[in-house]
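These notes are about the structure you will find just below.
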Ligand code: GLU
């Protein structure tokens, strides 16, 4: 059965921009008769994210959002990610990477390579050099990408084509990397509609390509504009009253603010009735902190 989802990272409280993305994901899913699932992306936090997670879920409930089934946590799914990585490795699609961040930053790249992409240093190390480097800290595992680009369908932005890099699949500390986890989780959870902030547009070709390599169905995406402060920078905690609790303390209703940002008004059932994905504002939402 088809499903949409919201997938927060429990790194702190959700701000009004994150809450708006959650409401949009819920509206897209419920408005198309889909299940709506929650996944906690706690690869970085593990159980130390538990308190932030509890507050995030409470904020979502207080907005009136509901979800189906149990909340899935990435920190519980290491075996599943390991199995996906093993499959790619058996197919010859991975290699160990011994580079530090600094080495990657300072390496020279081919003239056409996208900025920040992996320069390929460890891709074709000869076995002796690989053995020599293997004596240091444990390597990351990277995808041996065989395509330069991949594309995915986005309901808001149209066809999303972009570069595919030699993505990290497992970090040096043994944790699955975000792109692999997302591709595997979305498919395992039956998610065929991914609504998320447009800061993740650049991750999409790589994630969709990983799904393809693992024979997983590609979801349809809808990347929605982020909330920004009056300077046009991505909204952040330091901007002041931005969490649901902050706003309620000032007598403001977070859902009403979100609805107004979409040109709508009323409670969630009313928003569901009136929401038209085609009318979604394409510009960032400028949030004036009260
Ligand atoms: N966990 C990511 C975030 O909080 C979202 C990832 C996604 O929606 O695919 O930014």
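Placed from the backbone N, Cα and C atoms, the Cβ positions cover glycine too.
Remember, TrEMBL labels are computer predictions, not curated facts.
Under the heading domain 'Glutamyl/glutaminyl-tRNA synthetase class Ib catalytic', TrEMBL lists 5-260.
Annotation for residue 178 (L-glutamate binding site): same-chain Cβ neighbours under 8 Å, separated by at least 6 residues, are 41, 43, 203. Per TrEMBL, L-glutamate binding site is recorded for 5, 6, 7, 8, 9, 41, 178, 196.
Annotation comment: TrEMBL describes 8-18 as motif ''HIGH' region'. Tertiary neighbourhood of the motif ''HIGH' region' (8-18): same-chain residues 38, 40-42, 44-45, 49-50, 52-53, 55-56, 59-60, 197, 226-228, 234-237, 242-245, 247, 254, 257-258, 285, 287, selected by CB-CB distance under 8 Å and a gap of 6+ residues from either end.
Per TrEMBL, Zn(2+) binding site is recorded for 97, 99, 118, 122. Cβ contacts within 10 Å of residue 118 (Zn(2+) binding site), excluding its own Cβ and spanning all protein chains shown: 22.
Taking H, G and I as helix, E and B as strand and the rest as coil, DSSP gives the region 'Disordered' (108-139) the counts 7 helix, 0 strand, 25 coil. Annotation comment: TrEMBL describes 108-139 as region 'Disordered'.
Among the features that TrEMBL reports, compositional bias 'Basic and acidic residues' is placed at 123-134.
In the predicted model, residues of the motif ''KMSKS' region' (234-238) average a pLDDT of 94. Residues or ranges marked as motif ''KMSKS' region' by TrEMBL: 234-238.
According to TrEMBL, the ATP binding site annotation covers 237. Neighbours of residue 237 (ATP binding site), defined as other CB atoms within 10 A of its CB across all chains, total 11.
Candidate binding-site residues: 8, 9, 41, 118. Those with a Cβ under 6 Å from ligand 1, in sequence order, are 8, 9, 41. Separation of the C-alpha atoms of residue 118 (Zn(2+) binding site) and residue 9 (L-glutamate binding site): 25 Å, rounded to the nearest whole number. Listed in chain order, the residues near the L-glutamate site other than 5, 6, 7, 8, 9, 41, 178, 196 are 39, 40, 182, each with its Cβ within 8 Å of the site Cβ centroid. For residue 122 (Zn(2+) binding site), the number of other Cβ atoms no farther than 10 Å from its own Cβ, over all displayed protein chains, is 21.
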